[in-house]
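Working notes, beginning with the structure itself.
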Amino acid sequence: MAAAALNERLTLQIPLPSPRLAKIAADVLDVDKDLKPEVSRRLISTQDNILTLDFQTSTLKLLRTVVNSSLEMVQMVVSTMASFDTESEEP
Amino acid sequence: MIALGLEGSANKLGVGLIRHDMTTTPPTVTILANLRHTYHPPPGEGFLPKDTAQHHRSHILQLVKDAMAEGNITPKDISVICFTKGPGMGGPLTSVATVARTLALMWNKELVGVNHCVGHIEMGRQITGAENPVVLYVSGGNTQVIAYAEKRYRIFGEALDIAVGNCLDRFARVLNLPNDPAPGYNIEQLAKKGTKLLDLPYTVKGMDVSFSGVLTYIETNAPALLASGEYTAADLCFSLQETVFAMLVETTERAMAHIGSKEVLIVGGVGCNKRLQEMMDQMASQRDGKVFATDERFCIDNGIMIAQAGILAYQTGYTTPLEKTWCTQRFRTDEVFVAWRE
């Protein structure tokens, strides 16, 4: 049986306040690996303060699912940073 | 040293702050904050992973802020951040772990992933001072009879299908009892008014127990029994509790006999149940033994137990590297190396 072609793609570029926070967000999110890499993959990278999420899935439904759940976690990371980042307070 | 503990494996979201003053022997343990926010679905329903995860995400930041305010703690005071690695529901666990990781990286703190069951045990030990008890861990998600031996919490017996709390919670839905504060609590209150005992399937298999049969039986027959007027809802709650609790007392007694223990420690949300404590006490007294239990602050899922179990591990040099801070729905109690005990 041929492997599923991951033809459905989406790239999200999310600006964070600083390169430091973008790297933290990337490291936090990347801990959770793809549940079924043969049909759904997420690649995380940073460039300066931009967090990039590259999604590749075999179906549109899977794409919606993985993008939605990723955004929920991104929202959690970003609001945690907004509430609790201490470095920005230091002189 | 001070540990922050984050718990969210089921519908209870807990944040705890604990201090271990290392200048005394043994260290003096102080609870600085123990806050909880619970997700209650409407009567007749159970809590689903997606809604539960969303609840946790909505409330966790405020809960952490409140805990730090109550404990008068700033980030620099915190030595380690502990979180529930598992077992439990995937989405809720990961939502909470994500916050733990973010805080740890921003504040430059170590992380400790904690086994939820070990958290219950260690908090029970800390609060009650029980020396080396047989532990009955009973909740909506878990039912295990546990005893410590050679650096591990060994599972002597367990539920083969569903947890006792799950059985009770699902029966509460049949009766349309409120889920606030907890379905099991409402069953307990209603059971107090019950007088007639219905003969229900009783399933103990050696050291293990099974609840799916008694649940199917009572779910199937309750409507007819109630309609006939032969039994009230209170009678059914009473009958279910008497039956499932007797099963738990039997297997706990068997474990006590095996290892020659005179102590029982009951932990987990179902451990709040006064009738269970009473029945266990009757058995234990007959064996010249004693029952230890905690109140709802520590029985029900909470963040302080995660901080406690986490800080004990941390003191032995244990930390969880970031790449290993993923969560898992299945995490056996005996997988944990209990380095902090003899």
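Backbone N, Cα and C atoms are what each Cβ position is placed from, and that goes for glycine too.
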Listed in TrEMBL for the divalent metal cation site shared with B:His116, B:His120, B:Asp301, one of B:Tyr137, B:Tyr148, B:Tyr318: B:Tyr137
Listed in TrEMBL for the substrate site shared with B:Tyr137, B:Val138, B:Ser139, B:Gly140, B:Gly141, B:Asp169, B:Gly184, B:Glu188, one of B:Asn34, B:Asn72, B:Asn273: B:Asn273
For B:His116 (divalent metal cation binding site): DSSP state (helix, strand, coil): helix
Secondary-structure category, per DSSP, in which B:Tyr137 (divalent metal cation binding site) falls: strand
Spatial neighbour of B:His120 (divalent metal cation binding site) that is closest, considering only the binding-site residues B:Ser139, B:Gly141, B:Gly184, B:Asn273 and their CA atoms: B:Ser139
Among B:Gly141, B:Gly184, the one of these binding-site residues whose Cβ has the fewest neighbouring Cβ atoms within 10 Å: B:Gly141
Listed in sequence order, residues not in B:His116, B:His120, B:Tyr137, B:Asp301 with Cβ within 8 Å of the centre of the divalent metal cation site Cβ atoms: B:Ser9, B:Cys117, B:Gly119, B:Ile121, B:Ser139, B:Asn142, B:Val267, B:Gly268, B:Met305
Coarse DSSP state, helix versus strand versus coil, of B:Asn273 (substrate binding site): coil
Close in space, distant in sequence - B:Ser139 (substrate binding site), Cβ under 8 Å, 6 or more apart: B:Ala10, B:His120, B:Ala163, B:Gly165, B:Gly268, B:Gly269, B:Val270, B:Gly271, B:Asp301
